[in-house]
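Written below as structure tokens is the structure these notes are about.
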Amino acid sequence: MSVQAKQHLQHRLAAPRTVRRSVAMALGAGLLLTGCGADYPLGEAQRQAAENNTSKLSGTVTGGGSSAQNSAMNAWIGGFATMNPKVQVQYASVGSGAGRAGLLAGATTFAGSDAYLKESEVADSQETCGPAGAINIPTYISPISVAFNLPGIKELTFDAQTLAQIFSGTITSWQDPAIKALNPDTNIPDVPMTAVARSDDSGTTENFTDYLHAAAPQDWKHDPSGSWPGGLGSEQAQGNSGVVTTVARTPGALTYADDSLVDESLGKAKLRVGETDVAVSGESAALAVTASQRAPGRGGHDIALDLDRKTTKAGAYPLVLVSYFIVCSSYSDPNTVELIKAFGNYIVSDEGQQVAADSAKSAPMPTELAVEAAAAIESITLRH
């Protein structure tokens, strides 16, 4: 995606609602040309057409949202493009909140979000998406790393209580007894501690604060939110890449970020789960998701998940995000229906999940969840 085109799409997602509507069809031609071809659960004829690069699909699909999803989204877009060269899939990594707002205003075809639509947002979506509104389809499972910059140290252990105290400002030193008790054999340098949080409305923040709120309620008094609580003294930066970059240049800093964006230059903490220290990985994140339930009050093909942050399941890493492919349950244009279903089918296919795992270190969705997601995608209809 060219810089100019990306700025154009970001402007659309940040603009007032009336402006977003007026420019909904005005994307520049220089946006990233990508595509995706599906294997499961598309039919045999469609699979063969994709393999022979003879797909007749054409048109443009626009989306925006989660920066945590960005690496996976680029992989999905690239895979889709090889099989559907006449389809453009355009995605702006502007944060989950802006992505949801863009879809609800009709500025984009889909949203990527690390938090599912609230009930009020589902109600608001009826204006753009028809009487059944928008639906949440989980497509991306990834752990949230607690990344830190301590010279010579790549592994530490935290529990929820200690993290809550660090990010609420109660613990301000690496020499705090709570940290030393969890890491008795590690000689932690006495450097200033800097906790770095997101400055933008972020699904990663919402998942992180949900974990702290559920697992350490005595130490984290704030409700889960995509916006960092006001009054806390944490340094802030925009996007997953922003907080990671800030930590990388600041000895003694730590943050929370999608694991796919944390490279080997930084340390990653294990989480104390029950009596076990669990390392961050796609596999440990997937175990946490299998221990979770559907959100109450959601019907039909809306697959919103309430994650079990207090799980003691062996090997489960509860600081995990499930990122959603949020789409309208119906569209007024038949080509849009065909394109969004084809792209969604590729995302939840075995191939789509594998390319995401390869590029973003995400966990492929459990089979049962992938089947549910595929059924939700197939339920998208034409609105007359």
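Yeah, the Cβs are placed from backbone N, Cα and C, and that goes for glycine too.
Lifted from TrEMBL, the feature list:
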DOMAIN    54-351  domain 'PBP'
BINDING   S66, S67, A68, S96, D114, S202, G203, T204  phosphate binding site
REGION    219-242  region 'Disordered'
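Sequence features, as recorded in TrEMBL, placed on the structure.
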| residue | record | contacts (Cβ under 8 Å, 6+ apart) |
| --- | --- | --- |
| S66 | phosphate binding site | S93, G95, S96, G99, G112, S113, D114, G203, S323 |
| S67 | phosphate binding site | S93, V94, G95, S202, T204, G239, N240, S241, D258 |
| A68 | phosphate binding site | D114, Y140, S142, G203, T204, N240, A257, D258, S260, L261, L321, S323 |
Restricting to the record's phosphate-binding residues (S66, S67, A68, S96, D114, S202, G203, T204), give me the longest CA-CA distance in Å as a whole number.
9
S96 (phosphate binding site) has how many other Cβ neighbours within 10 Å of its own Cβ?
32
DSSP three-state call for D114 (phosphate binding site): helix, strand or coil?
coil
So, by DSSP, how many helix, strand and coil residues make up the region 'Disordered' (219-242)?
4 helix, 3 strand, 17 coil
Take the Cβ of G203 (phosphate binding site) and count every other Cβ within 10 Å, whichever protein chain it belongs to.
29
Mean of pLDDT values spanning the domain 'PBP' (54-351):
94
Using a 10 Å radius around its CB, how many other CB atoms surround S202 (phosphate binding site)?
31
Taking the recorded phosphate site as S66, S67, A68, S96, D114, S202, G203, T204, identify the other residues of that chain whose CB atom sits within 8 Å of the mean position of the site's CB atoms, giving them in sequence order.
G65, Q69, G95, G112, S113, A115, T205, E206, N207, N240, D258, L321, S323
For T204 (phosphate binding site), just count the other CB atoms lying within 10 A of its CB, please.
30
If you run the three-state DSSP split on G203 (phosphate binding site), which class comes out?
helix
